[in-house]
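Taken straight from TrEMBL:
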- A:Thr150, A:Lys176, A:Thr187, A:Glu273, A:Asn395, A:Ser400: substrate binding site (BINDING)
- A:Thr187: active site, nucleophile (ACT_SITE)
Protein chains: 2
Amino acid sequence: MELIKGGITAPQGFKASGISAGIKKNGKKDVAIVCSEVLCKATSVYTINKFKAAPLIVTGENLANKRASAIVINSGVANACMGAQGLEDAKQMALITGEVLNINELDVVVASTGVIGVPLPMKNVKNGIIEAAKIVAKDGNIDAAEAIMTTDSVMKELAYTVRIGNCDVKIGAMAKGSGMIHPNMATMLGFITTDANIEENCLDGILKEAVKASFNMISVDGDTSTNDMVVIMANGMANNEEINTNSENLDAFKNAITHVCTELAKLIAKDGEGATKLLEVEVIGALSLEDARLGAKSICSSNLVKTAMFGEDANWGRIVTALGYSGAEIDPLKVDVYLGNLLMAKAGTGLAFDEDKALEVLKEKDVKVKVDLNLGTYSAKSWGCDLSYEYVRINGEYRS
Amino acid sequence: MELIKGGITAPQGFKASGISAGIKKNGKKDVAIVCSEVLCKATSVYTINKFKAAPLIVTGENLANKRASAIVINSGVANACMGAQGLEDAKQMALITGEVLNINELDVVVASTGVIGVPLPMKNVKNGIIEAAKIVAKDGNIDAAEAIMTTDSVMKELAYTVRIGNCDVKIGAMAKGSGMIHPNMATMLGFITTDANIEENCLDGILKEAVKASFNMISVDGDTSTNDMVVIMANGMANNEEINTNSENLDAFKNAITHVCTELAKLIAKDGEGATKLLEVEVIGALSLEDARLGAKSICSSNLVKTAMFGEDANWGRIVTALGYSGAEIDPLKVDVYLGNLLMAKAGTGLAFDEDKALEVLKEKDVKVKVDLNLGTYSAKSWGCDLSYEYVRINGEYRS
């Protein structure tokens, strides 16, 4: 598995574009299109938030047959909580995209991100889609990745090549996400393309598992969005022998997709609103995978852990506190806590530790916490960021 | 029911004191004692955090017989995550208190609050308890309430008198809590005294219900502490006819205790670390009480709702988002959202609203949000505070 350039359009047969359609007040890019030369197997995972935004509902219907050719995305307005008008607008986005790309509107994935409860300016959206569709290109990946950003400070894309049988299969991806990040079942916007030839239900299973281990294991602020969506499209143009649940290549491809999702998730956590550090929490020695995930995510999501990281304060008591209310099965008298490689608490009891060494760990941009439950063999990692003054500033002023 | 002066010592037969024993580095008061002239019925509710601090374990054992005569509390050090030494120290606190007050050590409630994972300075604690015991007095309520503070900016006490049959029964209370506030099953430190004559299991049931509707419905930062504890002591000196589950006076007393707990909880939410506003969220029209509570608490706990309140931004989309991931049963197309009396969204759909009027509501010190699920008849209130720069500063520097 090798990192390559090209982002979302790295796999064969994919093109993209991103333009400014005037949906964002600041004139930045806000409409993106990703499309494949041929019809793809496609599947998706959505937010568990009961206020699912309109584009998720339309995409859910369009992906019922597990086929798609293109994705249209706007940023600036989330098209959430807009009732019947919202659904109509999301369908219009698919319809217009289908028309200008000359594909079936039901093969279009629709996604939106931005302010909730505001109507889409459909004139801008329509003109934007027409313009974006005209210029889709192999090198449109960066424009597309930029056009889906909201409070993101960096655009997020990556691509890998992975050997599947005799073929080099490519995987491309882009994502947006910086705030309202506490995904559950799906997250933010994540788009993955691949030229792999793969059976659709197998693709679906791989995506669902990968999302659980990656996007669902990050948290910026504990808020699960209405618009979270991860989509994967596989166009088969790599001509590998079809991957299915019995393939000997299944694991290689599954691991590659999980890796791509994990790296995207980490990019999102690191770019958390106002973040100055990436926090990685690993829980080992758990009785079950679920326990390990609950514990790791709870620690990563704790405002008190996050502010301690921002303040570079080795307050490990907050780590065990967050573990204690996580719901994970633990024995308080067996828990070991490490900050970096530094043992802070052994068997649930605080140790005298070297404050200077702890500060060294905390001064890093990537801070690692490890907790050993000493109960079983399961482990999980979670990623988050610190909670800074800047987070408060950004979110006190978001709509204005 | 009438508000009276006197705090925790307002009921007949209770005395208190609070002194500085040098546990806190800044020299502020850090040891408090509350005691009754006669043995009390007593019961308690504890944190669900699995890392229960040592004093909670000792108190749990001592209250197994539902009797207590005194409470000893230290602030500055939480005596949590200190293993066998922590348990020994908590037992010592009860032992010393029993000796100096000339009561059975098993009739002493022990509580601690402060930094986790640091040993109690037992020499200071011992001398502090001896000194505090010498000066317990009827007017020691304010000293006691001050001695249990940590990051609290105001001391929290109140007292009421309530008519039970032919008697005036008094209820006194004090609490501490400002950060690590997201109680579940119990919360922070809350102490309630009463001279009511009441059957012990009835007292226990009343406390548990009251805690669910009050302390468990507030959140400052989503973090459930290791040291949360609410204790009630009833010494019977009001000489009312014993209250039991069949009494006609049961509801009057129950409502009074619930009111006291709710008012204490609101004091804590309002004094949330860095808070500039008290946020009250009411969910009505729910299918069950549990749904109403889940929804209200989720909205009150959302970092994004809290930062919008701090920024005085009428971003109601964050309110429905937090409702949507709360787990409460909702129909997104039936939800109405009010900011103060201003209708922001009707049937799940955003309305054009008057930004100036919204800003008027948001500029208040007490901001009220109401959400009507339009599904059933249950309702619940939750209280929280905004999330400010000051919260980040306080918690970035807590140990130092």
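Cβ from N, Cα, C; glycine included.
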### Task
For chain B, give the subset of the binding-site residues A:Thr150, A:Lys176, A:Glu273, A:Asn395 whose C-beta is less than 8 angstroms from one of that chain's C-beta atoms, in sequence order, otherwise 'none'.
A:Asn395
### Message
Quick check on the binding-site residues: of A:Thr150, A:Asn395, whose CB has the lowest count of neighbouring CB atoms inside 10 Å?
### Response
A:Thr150
#### Entry: Assigned element (helix, strand, coil) containing A:Glu273 (substrate binding site), judged by DSSP
coil
#### Entry: Tertiary neighbours of A:Lys176 (substrate binding site) (same chain, Cβ under 8 Å, six or more apart)
A:Ser75, A:Thr113, A:Ala145, A:Ile148, A:Met149, A:Thr150, A:Asp152, A:Lys156, A:Met188, A:Leu189, A:Ile268
### Query
Including all protein chains displayed, how many Cβ atoms other than that of A:Glu273 (substrate binding site) lie within 10 Å of its Cβ?
28
